[in-house]
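**Q** Handing you this structure, nothing more for now.
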Amino acid sequence: MTAQLSASTWRARALRYILIYLLLACALVTLRFQTRDTYQQLRDIRQERTDLQRQRDELSVEVQGLTSEQRVRDWALANGMQTYAQAPKSVQVLPSVPLPADLPPHPPTPLRLRSPPDGNENPCPLQVHAGPRAAGVQHAGLGLCSAGMGSAAGGPARGAAGARQHRDRGGRGAGPLGGRPAGVPERRAGRAAAGHDGHRAGPGGAGERL
C-alpha cells in the first residue's frame, strides 16, 4: 500500500512538472511568433539610417559646391547683374554737420579776502612741538610767517622787524629759511626754540608765554 501511494505520488508530481514545462514552452513560442518581425524591422531601420547619413553627406558637398564664390558670380552674371567695380557710381556732396550751440558763460567765482588779525593775536597759528629736530623747522616757519604777516598787517616796516627779531633770537647764521645750519648741534635738546612772539613749549606741548 505504501509502495503504491509513493508511485502514484511520484507520477502526479511528474505530470505536474511536465505540464508546467509545456506551458512555459507554449508561452515562449507564442512570444517568439509575435516578435518574429522585430529583428527584421531593426535591420531595416539601421540600413535606412545609414542611407540617410550618406545622402546628408552628399547633399552637404553639393551645397558647398553650388554656393562657392565662382558659381555665385557666374549665376549673378547670367542673370544680368554687374560687379561693384563695373557698376555706375554717383557722387554727391554730403551737407556739413551743424556745430553745437555755444555754452552759456560761466559766472566768475567771487574772491573772498580774510581781514588781517590784530596785533595781539598770533598771525601764524603754528603748533610748537618739543624736540631737537623740530627746532630748525619751527624757526624757519615762524620767521617766514612773521615777515609775511607783518608786511600784510603793518606794512614793510613790521615785516622787516619780524624778520630781524627772528634773526636776533635764534636764526643767526641760518640758511635762507632761517633754520639751524647743518653741522651745528642743538644746544637745548628736548625743548622747542622760542617763537617770534615769546612763546615756548610747556610740559604738555602747549605754548607758554615767557
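In case you wondered, yes, glycine gets a Cβ from its N, Cα and C as well.
What you are looking at is a predicted structure, and each value in this text was computed from that prediction instead of being measured.
Checked TrEMBL, it gives:
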TRANSMEM  14-33  transmembrane segment
COILED    42-69  coiled coil
REGION    95-129  region 'Disordered'
COMPBIAS  97-110  compositional bias 'Pro residues'
REGION    151-210  region 'Disordered'
COMPBIAS  172-181  compositional bias 'Gly residues'
COMPBIAS  185-200  compositional bias 'Basic and acidic residues'
COMPBIAS  201-210  compositional bias 'Gly residues'
**Q** Quick test of the contact rule: Cβ under 8 Å, at least six residues beyond the ends. What residues does that give for the coiled coil (42-69)?
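**A** Long-range Cβ neighbours of the coiled coil (42-69): none found.
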**Q** By DSSP, how many residues in the compositional bias 'Pro residues' (97-110) are helix, how many strand, and how many coil?
**A** 0 helix, 0 strand, 14 coil
**Q** Over the coiled coil (42-69), what is the model's mean pLDDT?
**A** 92
